[in-house]
Amino acid sequence: MIALLMRDLKLAFRAGGGFGLGLAFFLIVTVLVPFSVGPQSSLLATISPGVLWLGALLACLLSLDRLLALDWEDGSLDLLATAPLPLEAVVTIKALAHWITTGLPLVLAAPVLGVLLNLPQPGFVWLVVSLALGTPALSVIGTFGAALTVGLKRGGLLLSLLVLPLYVPTLIFGAEVARRGAISMETNTPLLMLAGITAGAVALLPFASAAVLRVNLR
Amino acid sequence: MSISAKANRLWAYANPKKFLETTEKALPFFWVAAALCLVVGLVWGFFFTPDDYRQGSTVKIIYLHVPSALMAINIWFMMLVTSLVWLVRRHHVSALAARAAAPVGVVMTLIALATGAIWGQPMWGTWWAWDPRLTSFLILFLFYLGYIALWEAIENPDTAADLTSVLCLVGSVFAILSRYAVNFWNQGLHQGASLSLDKEENVADVFWVPLLVCIAGFVLLFVALVLYRTGTEIRARRIKALQARERVGA
Amino acid sequence: MMPDLGKYADAVLSAYAASILLLVLLVLVSLWRGRRMRAELTAVENRLKRDG
C-alpha cells in the first residue's frame with residue numbers, strides 16, 4: 001500500500017507529472033481576478049473567500065483526468081486489479097496521492113494568495129481549515145469521476161460535466177465557512193456539514209469508484 | 001393470487017420480447033389518454049380559469065410549471081429504481097428504461113426552468129435568481145446531462161448500463177445533499193410547496209382540478225414516451241448484437 | 001374566445017408556446033428515432049435470414 005503511494009507520488013513529482021499544474025492554475029486564476037473585477041480592496045475582500053475556493057476547486061478539476069489515465073494506458077491498472085490489494089484500497093490510495101500532490105499544495109498556497117486578494121485578517125484560519133477539510137472530498141469525488149471515464153478516448157470534458165454537480169455541496173459549504181470566517185461570523189454549522197460530506201465521501205465513494213473501475217476493466 | 005406470483009408476472013416484462021408485445025398493445029391507449037388529459041387540462045387551465053387576484057393571468061403558467069417540475073424529480077427517481085433493478089437483477093429492459101427516461105427528464109427540467117423564468121420575470125422582476133429551488137433544478141439539469149452524456153460516450157451497452165447506474169445512485173445522494181446545501185446557502189423567493197396530496201389549502205379549487213388533470217396528462221405522456229422509447233432502445237440494442245453477429249459470420 | 005390575459009399576455013403565451021414546442025419536439029424526435037430503429041431492425045433481420 002505504502003509502496004503504491006510512494007510510486008504515485010514519485011511519478012507526480014517527476015518532470016511531466018501533474019504536480020505543478022494545479023498549483024500554477026490556482027495562481028493564475030487568483031492573480032487574474034483583480035485585473036478582471038478591478039482593484040478596489042473592499043470588493044476584493046468580499047469576494048476573496050469565494051474566489052479562492054473556486055480557484056482551488058477548478059485546479060483540482062484540471063488535474064483529475066491524469067489521475068487514472070496514465071495507469072490505464074500503460075496497463076498498470078490491470079496489474080493493480082489482479083494484485084492482492086483490494087481495488088477499494090487502490091482507489092483510496094490514488095485519491096490520497098492526488099490530494100497530496102494537488103489538494104495539499106493548494107491548502108498551503110491559499111493564505112499567500114489570500115494576501116493578494118486582500119482577504120480580511122480573521123479569514124485566513126478559516127480559509128485554510130475549510131480547504132484542508134474540503135479538498136479531500138474533492139479528490140475522492142474526482143477519483144470516482146476519473147474511474148467512470150477512464151476507458152474513454154476524450155473523457156476530459158465528460159469528466160468535468162460529471163464531477164461538476166457532485167462538487168456543488170462541497171463548494172457551497174466550504175466557501176460558506178471561508179466567507180463567514182472572513183466576516184467573523186459563526187462558522188460551526190457549515191464547518192460540520194463540510195466535515196460530514198468529506199467523511200461520508202471518503203468512507204463510501206471508494207466502494208463506488210472500485211465498482212466502476214471493475215466494470216471498466218472487465 | 002399470492003404476492004410472489006404477482007411479482008413473477010411483473011418480472012415477465014423483463015423479457016424484451018414480452019415487453020415489446022405488451023407495450024405494443026398498451027401504447028395506443030397511453031398516447032390517447034395522455035393527449036386527452038393534456039388537451040383538456042391545458043385548455044381548461046388556459047381558457048376557463050379566472051385570474052389570480054395577486055398574480056393576474058400568470059397563474060395560468062402553473063398548469064405547465066408544476067407538472068413538469070414534479071415529473072423532473074420523479075423521473076430521476078424512476079431512473080434510480082430501474083438502475084437498482086439492473087444492478088441487482090441484470091434485466092436489460094430495466095437499464096434501457098432508465099436510458100429512455102433520461103431525455104424526457106431533461107425536457108421536463110427544461111420546461112420547469114423555462115416556465116419558471118418566464119413566470120419569475122413579471123412576479124419577482126427577474127428571470128433568474130439564485131433561489132434554492134431554481135438552483136436545485138439547475139443542478140438536476142446538470143445531473144441529467146452528465147447521465148445522458150455518459151450513456152452516449154460508452155460503446156459496450158452492458159458497461160454503459162453499469163456505469164450509468166452507479167452514477168445514478170451516487171448522483172441521487174449528491175442531488176439530495178445539494179438540495180440541503182442550497183437551502184442552507186440561500187433562503188429564496190420561491191413560495192413553498194404549492195401542492196400536497198392531503199391538503200389543498202394553498203391552491204383554490206378552481207385552479208386545483210384542472211391542475212390535477214394536467215399532472216395526469218404529464219404522467220401519462222411520460223409513461224407513453226418511456227414505453228415507446230424503451231422499445232426503441234431494445235431494438236437498437238438488438239441491431240447492434242445482430243450486426244456484431246454478421247461481422248463474425250462474414 | 002381568447003381570454004383577456006391583461007398585461008401578462010406575453011409571459012403566459014410564451015410559457016405555453018415554449019412548453020408545448022418542447023413537448024412536441026420530444027415526441028417527434030422519439031417517434032422518428034423509433035421508426036428508424038424499427039426499419040433498421042427488420043432490414044438486418046431480413047438480411048440475416050436471407051444469408052442463413
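Any Cβ shown, glycine's included, is placed from N, Cα and C.
Listed features, source TrEMBL:
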- B:17-190: domain 'Cytochrome c assembly protein' (DOMAIN)
- B:26-48: transmembrane segment (TRANSMEM)
- B:68-88: transmembrane segment (TRANSMEM)
- B:100-122: transmembrane segment (TRANSMEM)
- B:134-154: transmembrane segment (TRANSMEM)
- B:166-186: transmembrane segment (TRANSMEM)
- B:206-228: transmembrane segment (TRANSMEM)
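Only residues 6 or more beyond the boundaries of the transmembrane segment (B:166-186), in the same chain, are considered here, and those with a CB under 8 A from a CB of the stretch are 76-77, 79-80, 83-84, 87, 98, 130-132, 135-136, 139-140, 143, 146-147, 150. In terms of C-beta pairs under 8 Å, the stretch of B:26-48, B:68-88, B:100-122, B:206-228 lying closest in packing to the transmembrane segment (B:134-154) is B:100-122.
In the predicted model, the domain 'Cytochrome c assembly protein' (B:17-190) shows an average pLDDT of 88.
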